[in-house]
Every structure is written in C-alpha cells, then in structure tokens.
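Enquirer: Residues or ranges marked as domain 'Amino acid transporter transmembrane' by TrEMBL: 34-436. If you look up TrEMBL, you'll see 37-59, 65-84, 164-181, 187-208, 274-296, 316-338, 359-379, 385-407, 419-442 marked as transmembrane segment.
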C-alpha cells in the first residue's frame, strides 16, 4: 500500500512558493524586471570600461605596435562573442531564466560542481574589482586635490600633503549611502553618469595627446631593454589589455532586470544594449591606446594623465570624471555580491528580509572593501596576479565551456572549433598573465606601503 501525502501538503507547498517569491521580489537581482535596452547599454559600459583604460598606452609600450593592436582587436572580438553566448543562454530553458552566473554554471555542470566552479571566481573578480575601485577612487580624488592645491608639479608637501587613506575614506562614504539603493534599476542614474564619464575622460586622454602632438625623438622600441624584462613585460601587458574587457561577471544579472515574454524574450533588447556598449568601449579603448602610444612612445607613464600633466584644469577635471565613473562601477560590481550575501542570510540562515538586514549587510561589505583598500593601497598590483586566475575563465572561456556542455555542437563544426579556439586562448591567458603580474609584485614590493 502506497504512502499517502498529508492533506495539507498542497497548502504547505503553496506557502513555501509564496515565501520564495516574496524573497525573490526582495533580492536585488530579481526584484525589478522593467529595465529598457538602454539600461543594459550603460550598465555594460560602466562594468567594462575601468580606469584601466588610462594604462592602455603603457601596455602598448610593453607589446609594440603589431602585437598590441592584435591583442586589443582579438580581445574585443572574443569577449563580444562570449557575451553573446551568455545573453543567448540566459533563457535557453523555456519558462526559466538564469538570472545569476552561478545558476547558469549549475545548469551546465550540475548543482554542486557548478556552484564551486563559478562562485569563487566570480567573488574574486567582483570583490577584487571593488577593492581596486576603492583605491582608484581615493587616488584620483587625491590627484584632483593635489593638482588644484599644490602648484604646477601637483606634488603636495607639509600640511597640504594629505594621506591617500583619508581620500579613500571620503570615497567610501559615498558608497555607504549608495549601497542602500535596492537593485540595478535604482542605480541606473548613477550608472548612466558613470558611462558618460568614462567616455569623457577617455576623450580627454586621447584629445589632449593629439593636441600635444608627437614628442620629438619618440621611440617605439619595447620599453624593457633586457630579454627577461621584455618577456615578463609582454605577459603583464597581455593581461592588462585582455582584462580591460571583463564585464561578463555581471551580464546575466543585468539581463535579469529586463522584462521577458515568449513573444519578446529579453535577449533581443539585451543584445542591442551590449552592441551599443561595445561600440562605446571601442571608442574609449582604441583611440586612447593607439594615440597615447603614438604621441609618447615608450616614455608614456602607466597612467596617461600623469604623462599629459597640463593643462592643470583639464587633468583635474579628468581625475574627477574617473572618480564619478568608479562610483558607478563599484555599485555595478557590488550588486551581485549584495545579492549573494542577502540570499545566504535570508534563504539559508532564515533572517527576515527588510531594511535593517540590508543596512547592516551592505554597510559591513563597504566597510570591508574600504579597510582592505586602505591597508593595501597597492592592491591593483596584487589583482594583476590573482585576478588572472579568475578574469580569464569568467570572461574568455567559461562561457565557451558551458556552451559546449549544454549545446554539444558537432565535432569540428564551426561552433565547436570557435569555442575550442577561445578556450585555448583563454587558458594561455590564465597561465601567462599572472606570471607578468607576479614579477610586477616582486619588482615593486619594496615600494609598497601599508596605510600610505
């Protein structure tokens, strides 16, 4: 005789479903699904174009003209392809949406393995980028202050020399407020301002380079003079350029905010936004990298604004634009982390969802990233090493591996060959770029100062 289900089982199931829906309606990624296609455009620009664009001419000086242009173009093409894959896979199961990167990983690799493959890498990228943006925001605020207050050379001494620590704290204070905005759609204004700023300071960087013109005696030989220096410099620059396109960690979370019906799936408006974003990315990256290198050759600094140095007001303005941009970028990368933290607190630990939970959890996260940024203001150098292990998979080849696992294209078909080519290039990048990052840490370790 079979076991009968209790009479109240349907009621319990309905209550559980209602509770889960209420939680999903509260969590930041799934709480708002009324975004327009242009929201995805400026969210993707904000996520992808980092202040690292200003170091692209320096990367070119480590690579040279031919390899530099090749890496820029190939990275642009591969990452656009892997982004397209993720947009396509978001709703490949009828009636279901993979709103988070790890949900897609779980579908491809199984519940447990998918979680362990994706979540650690996603957290390294998102938390790491947030810490780097804390440092970048603080340092750009300091540059803004120093250029305006401390004479022509922009170097402050005595009482005017304020520690970077205090500027990082000022920058963090903005995020204690902004982090309370509930979801992606609520930060769309911040994200739009950030996207406009990224295009603006990039234009200032290459426009001022054109105005200054090609330096007399400009040299386009590789920056390093020794063979080991050239090789390690090449590896490091390879990573710098390749990771300039690392917006994939938040793309499914951005797509989750777009409404979807069987007649009008979210992938169409999302893809339109991605294409617009990639055009803007090209307008930011290619002119800065190529014109900056053309103007200054291998004497260019790792931040082209330092090389330009004048006019003073323009450099101050560009640094303030960087600050506004990284405010938006911080929020874009923090939102999936907030979602993970709040999901664990509410679904696993059974905390009641509400404003108090959000206030405490998000404030603690911002305080944590601020503390690490203040303690390790050289964190960008560390991320070049550690980030190599996470940026390359999540951006270059994990989408391809998922595509092969789910769709199983015919061996030696165009899809199969394309995906395997991306996987091989991504794995090489994952191996080679941390080597350059490690050497940079070893070379610069003596200049690293805690709480500087």
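Just so you know, glycine gets a Cβ as well, placed from its N, Cα and C.
Give me the local environment of each listed feature.
Expert: A Cβ distance under 8 Å defines the sequence-distant neighbours of the transmembrane segment (37-59), meaning residues of its chain 6+ beyond its ends; these are 68, 72, 129, 133, 136, 140, 184-185, 188, 191-192, 194-195, 198-199, 201-202, 205, 237, 240-241, 243-247, 249-251, 254-255, 257-258, 269-270, 272-274, 276-278, 280-281, 284-285, 288-289, 292-293, 296, 300-305, 307, 322, 325-326, 328-329, 332-333.
Away from its own ends, the transmembrane segment (164-181) comes close to residues 134-135, 137-139, 141-142, 145, 187, 190, 323, 327, 330-331, 334, 338, 358-359, 362-363, 365-367, 369-370, 373-374, 377, 451-452 of its chain (Cβ-Cβ under 8 Å, at least six residues beyond either end).
Listed by sequence, the residues of this chain that lie at least six past the ends of the transmembrane segment (419-442) yet keep a Cβ under 8 A from its Cβ atoms are 74, 78, 81-82, 232-239, 242-243, 381-389, 392-393, 395-397, 400-401, 403-404, 409.
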Enquirer: Would you mind listing the long-range same-chain contacts of the transmembrane segment (274-296), meaning Cβ under 8 Å and 6+ residues beyond its ends?
Expert: 38, 40-42, 44-45, 48-49, 53-54, 56-57, 59-61, 65, 68-69, 72, 76, 80, 83-84, 87, 195, 198-199, 202-203, 205-206, 209-210, 212-215, 218, 220, 241, 244-245, 247, 251, 304, 307
Enquirer: Establish whether the number of Cβ pairs under 8 Å between the transmembrane segment (385-407) and the transmembrane segment (65-84) reaches at least three, counting only pairs separated by 6 or more residues.
Expert: yes
